[in-house]
């Protein structure tokens, strides 16, 4: 019932995805061979395990996951990794050539050749579902495969399953840490697609994750494994309500209804609490007020945009563990009252919370935060400036045009991204009075 089909693409997406499955397996007590190893008498972990797993013969649980890449490297390391044996072997779909950090290769040439084999696997998995709720895609926007082929897959799935939710976990290029020089091109072309074809995008970026590792977790030299662990904690938190019994449940669609006031503005900031360094865990008492306070803290956001520079249109919090819903509601109202200037006043009750009874492994309680803040425009604005600087000189364009792309497509993507920034700005500046006037104008026009 209510299954989610997980798709990971490119090196970044596959590494995040592999970590995510380790976390989910831990929560559902599934060992690395795919068998249930829990001891609890109620077996709560199994009650709705079919959201993410298929039950195969012999009591094995197989992830509903599709893994794709344009080169074999990452796939092979996942296969050799601790949970490599749990995936269905047919669900690894990969090419040999690589996309060379080129969006056009992922979207139009190399990726387009491989896409049909990926769609076959997606169809097979979707047919295995009782009532498919939607898809979750892990990818980065700076490279070639995750961004180019990832967005190609999203648009194809959109055509074939128009009424299913499409949730993405998208790793944006970081402001200071750059992997390749053409990141701004790849990211802008991807955002152009995500605005049109995705329903909900969780925006992540490495720099914010590094900052959390340095400042909060006190890690001296964090690895990608540490960063991916943070992301997977959040991914597990977003869907815990679907996988475990809870007092206030939410699913992908309810999340969307509560978070998206205007269809194009579906890029969210995410956060997770409690984040404590390994050494100081035993000195901290976890309480609902403390979770709430850390969760709303700007330092806790997993993307480099500061919520204090904008206003929240909407937000949603998912709490996990044994706690009183009344206390959760009081704390959330408290946050809104104390920081009312950071919330738009023309959407009353714009913060929702849900509570799930089962905490993550090793913690008594935890919470996940998803916010739709106008300050996310900082991310887009930054990428857009870098894009314009290069595009004005037509730098590196030949890599894209030689794969059959047209300059026009770049211009369209650029203006779509600039429109998005302008829309966020417009709603950031809007006040309740203006909003009412607009309503009246609208009514007069209809009359």
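Placement of Cβ uses the backbone N, Cα and C atoms for every residue, glycine included.
Binding of GTP is annotated in Swiss-Prot for 71, 140, 144, 145, 146, 206, 228; the matching candidate from 11, 293, 294, 331 at the same site is 11.
With 11, 71, 140, 144, 145, 146, 206, 228 listed as the residues that bind GTP, the site has a largest C-alpha separation of 23 Å.
Between the binding-site residues 11, 145, 206, 228, 145 has the most other Cβ atoms inside 10 Å of its own Cβ, all protein chains included.
On its own chain, residue 146 (GTP binding site) has 9, 10, 11, 12, 13, 106, 138, 139, 140, 171 as residues at least 6 apart in sequence with a Cβ closer than 8 Å to its own Cβ. Under DSSP, residue 144 (GTP binding site) is assigned to coil, being neither helix nor strand in the three-state scheme.
Sequence-distant neighbours of residue 71 (GTP binding site) (same chain, six or more apart, CB under 8 Å from its CB) are 94, 95, 96, 97, 98, 99, 145, listed in sequence order.
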